[in-house]
């Protein structure tokens with residue numbers, strides 16, 4: 001089940017977007033917030049897979065809200081899509097927040113549905129596979145062994161002999177691990 005948070009102060013706009021998302025089926029749990037404070041509370045109490053954030057909120061800028069969300073460790077690489085009436089200052093949002101995209105009000109139903117399915121595909125598919133059947137690697141981090149499922153790894157970064165695994169659950173740094181050893185572990189060599 002993918003959790004989607006819609007942050008929009010205009011009730012009519014929010015209801016329209018939520019209605020579109022609910023049409024996608026039971027694999028999606030849609031949460032709503034009318035202001036930045038409520039959005040932060042929901043984000044801290046739930047694991048959100050995709051954010052739709054209005055750029056103009058009454059209590060806070062949507063871009064600033066996204067920046068605050070990015071500060072939470074679990075959302076450093078989460079999908080964020082901005083909702084706006086003007087695309088003029090979206091370049092700053094892409095640079096500062098690393099958002100995925102933006103949609104312009106009034107929403108294109110087909111575009112919203114396709115984007116949502118695309119961005120949550122791995123979340124929905126991953127949950128249909130029992131955890132014991134999923135491929136994983138074991139990371140030795142200073143004597144503590146951590147099991148990391150391969151489908152939860154977003155990307156791996158290697159610098160000299162320090163390897164950082166960026167996953168949906170956070171970052172894991174492993175010392176003295178070469179790129180070749182990682183490739184063998186992932187069965188690429």
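Here the Cβ of each residue, glycine as well, is placed from N, Cα and C on the backbone.
TrEMBL does not curate its annotations; it predicts them automatically.
Over in TrEMBL, the protein carries these features:
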DOMAIN    3-120  domain 'Response regulatory'
MOD_RES   54  4-aspartylphosphate
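For the domain 'Response regulatory' (3-120), the model gives a mean pLDDT of 85. Residues of the domain 'Response regulatory' (3-120) grouped by DSSP class, helix first, strand second and coil last, total 55 helix, 28 strand, 35 coil. Counting only same-chain residues at least 6 apart in sequence, those with a Cβ under 8 Å from the Cβ of the residue listed as '4-aspartylphosphate' are 7, 8, 9, 10, 13, 62, 82, 83, 84.
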